[in-house]
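J.: This is the structure I have questions about; it appears just below.
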Amino acid sequence: MELGEFERDNAGSCRLSSPVPELCRAGPCCLGIDEAGRGPVLGPMVYAVCYCSLAKQEELGALKMADSKTLTEAEREQLFGTLERARDFVGWALHILSPNLISTSMQQRAKYNLNALSHDTAIGLIQHVLDAGVQAVEVFVDMVGPAEKYQEKLKRHFPELEVTVRPKADSLFPIVSAASICAKVARDRAVKNWTFPEDLGDVRMEYGSGYPNDPKTKEWLAQCLDPVFGYPQFVRFSWSTAQTILESKAVPVRWDDSEDDPAQKGTRSVLSFFARKESSKRQPHRFFHECKLETVTGL
């Protein structure tokens with residue numbers, strides 16, 4: 001799994017995939033989807049789809065995939081190596097979402113929460129493997145939000161597929177377990193090899209697990225905060241943990257043109273000064289009268 005494309009530009013998103021096995025182009029396949037890094041305040045979130053020929057379900061079971069959360073990093077790396085050696089009947093694709101993209105998406109003016117971002121990423125991955133020629137007939141997905149609504153949403157987008165959304169799908173379906181391992185291995189590597197474009201000075205890179213309730217993570221967040229510019233792009237600044245530290249330790253910012261501020265009601269918008277003013281109707285030139293020409297439409 002080569003993450004060089006994302007590591008060169010870790011401010012946005014990146015989609016990576018393995019070669020599609022001929023078996024998956026020629027015959028029906030199942031897909032599994034899972035993510036890693038949904039909860040941490042640090043680092044990217046990675047969505048993965050793994051697919052396998054239905055004719056090779058027994059072989060997939062023999063690979064002994066498991067929920068990545070129950071495994072050590074070494075065990076996950078070992079199982080990912082097993083998947084890579086099964087490339088004649090198994091393939092995968094990843095979508096890596098940077099912390100910067102996650103936070104800016106969630107804080108845009110039109111509401112776009114993490115569930116919606118997750119759903120759209122999963123839909124994009126399914127479409128990606130279909131476009132690559134994978135003959136998918138069924139897909140198994142780990143639950144994000146209410147399972148029934150998520151399942152209906154996926155069926156509307158892919159009516160030709162048999163869709164199953166379940167809580168803890170990564171421990172119920174081997175193909176979802178395989179996706180879980182792909183996602184977690186990719187996130188672990190992305191975090192470990194993260195390139196900081198910012199100059200953090202003497203700040204140590206001991207940031208713990210990255211989860212908001214980890215004391216090491218909280219301590220690192222306090223240390224790396226710039227009072228004016230905020231956090232490096234490694235931090236999901238939209239998370240409440242980061243917001244709390246920003247509010248208490250960063251320089252306060254006042255947005256005088258905020259449309260949501262009740263105190264600004266009645267204040268003219270900046271755009272109003274550039275609006276075209278309605279002028280009195282001008283009399284047409286006498287040429288039009290003499291030639292008996294009339295305006296039939298306005299531009």
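Cβ coordinates are placed from backbone N, Cα and C, and glycine is handled just like the others.
Among the features that TrEMBL reports, divalent metal cation binding site is placed at Asp34, Glu35, Asp142. Per TrEMBL, domain 'RNase H type-2' is recorded for 28-251.
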J.: Take the mean position of the Cβ atoms of Asp34, Glu35, Asp142, the recorded divalent metal cation site. Which other residues of that chain put their Cβ within 8 Å of it?
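T.: Going along the sequence, the neighbours come out as Ile33, Ala36, Tyr47, Ala48, Val141, Val144, Ala169, Asp170, Val176, Ala179, Ser180, Ala183.
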J.: On the 0 to 100 scale, where does the mean pLDDT of the domain 'RNase H type-2' (28-251) fall?
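T.: Across the residues of the domain 'RNase H type-2' (28-251) the model's pLDDT averages 91 on the 0 to 100 scale.
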J.: Between Asp34, Glu35, Asp142, which of the binding-site residues has its C-beta surrounded by the fewest other C-beta atoms within 10 Å?
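T.: So among Asp34, Glu35, Asp142, the binding-site residues given, the one with the fewest Cβ atoms within 10 Å is Glu35.
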